[in-house]
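As written in TrEMBL, here are the features:
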- 9-30: transmembrane segment (TRANSMEM)
- 36-60: transmembrane segment (TRANSMEM)
- 88-109: transmembrane segment (TRANSMEM)
- 143-169: transmembrane segment (TRANSMEM)
- 181-202: transmembrane segment (TRANSMEM)
- 228-248: transmembrane segment (TRANSMEM)
- 273-327: region 'Disordered' (REGION)
- 292-311: compositional bias 'Basic and acidic residues' (COMPBIAS)
Amino acid sequence: MEETKQMPLALRACAELAGSFLLCFAVYAFSTWGSAVFGINIVFFALATGLAYAVVTAIFSRISGGQLNPAITVAAVLSSKTRAVDGLLYVVAQVLGAVAAGFAVVKLLPTSEQVTAKVWLTPAVNGFEKGSVAYSVLSQYGITFSVTLAIVIEVVASLIVVSAAMATLGEHGESSDRHATTMGLAYGLAAAMSYTVTGAGLNPARSTGIALAAMNQGLDQNPVQQLWVFWISPILAAAVVSLAMIIAQMATTAKPNATNKAAYAEVSEDTVRVNSEETEDGVFFDQAAAQDDARSDQKAVEQTEETEVRDQQASSQSHADEGVKRD
């Protein structure tokens, strides 16, 4: 969209901040109040996550492209869809919006001796092992979700999200008409994949906001200590997607060049063929001229011989006349 490219950087950064706040507030809200009251339901969480991202992306996509995720912004910068300075401001705005949303939700949580902040926040934070939303169930069987599994799940899920974003963002980071819908579907699918293991991070800003707000709330695992996984994994996915895009672009650019070279070679061959034909025609023309010259020379020789014969006949007649006179 042309209007996206014309928006001032300050306005676009503010859109990312506001969008990140609304998005993260919604995710934190249904992750805490919804999960604590009605229980953890992966279908509900996936649908709610996808809907939240789709709606907020649709609201702000005309201003900033609705990136709302540092991993998407990194991929946009690496693939030259977003300038580095713009991307840096976007990431700062996204994290600030998420942190504000995290503290706002924690501040609003009703607590008592029976219902502590831990009860509300455990389903909302991202983590693995003791920090996983499934830890209380898995620990009964002596197992946990390891850091390796957490990284793999987050990378794969983030690949879906980042790929969907890059496919629907334009050359200058502007969103297409299907951007919001596609992002909602991508986040919903990725959340369904990863929620049981990690709480569905997918977005470093989303993971950071609630981790900082829940840092001193008595959780089994301090979420800040595991936060690195939820930055490295999505950023790694962003780098992979960007590399794939660069390779695909190079291959696409190389193909027309090869086609142009083949066409040029064909044209050159035709030109050489035409020139050869012209050269042959030229040689043929020279041969005809040589034949004409030969005919002219032959005719001149014949005329000379005829002249000599006539002269000889005239001379003989003259000698005969002189003999008659003497007789």
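Note: Cβ is positioned from N, Cα and C throughout, glycine not excepted.
What you see is a predicted model, and the numbers here were worked out from it, not measured in a lab.
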Residues from the same chain, set at least six apart from the ends of the transmembrane segment (9-30), whose C-beta lies under 8 A from its own: 44-45, 48-49, 52-53, 56-57, 59-60, 63-68, 85-86, 89-90, 92-98, 100-102, 104-105, 124, 205-206, 209-210
Segment-segment contact (the transmembrane segment (228-248); the transmembrane segment (143-169)) at 3 or more Cβ pairs under 8 Å: yes
Range from 88-109, 143-169, 181-202 with the greatest count of C-beta pairs under 8 A to the transmembrane segment (36-60): 181-202
Contacting positions for the transmembrane segment (143-169) when only residues 6+ beyond its ends and CB under 8 Å are counted: 65, 67, 69, 71-72, 75-76, 79, 81, 127-130, 132, 134-135, 175-176, 178-179, 182-183, 185-187, 189-191, 193-194, 197-198, 200-203, 229-230, 232-234, 236-238, 240-242, 245
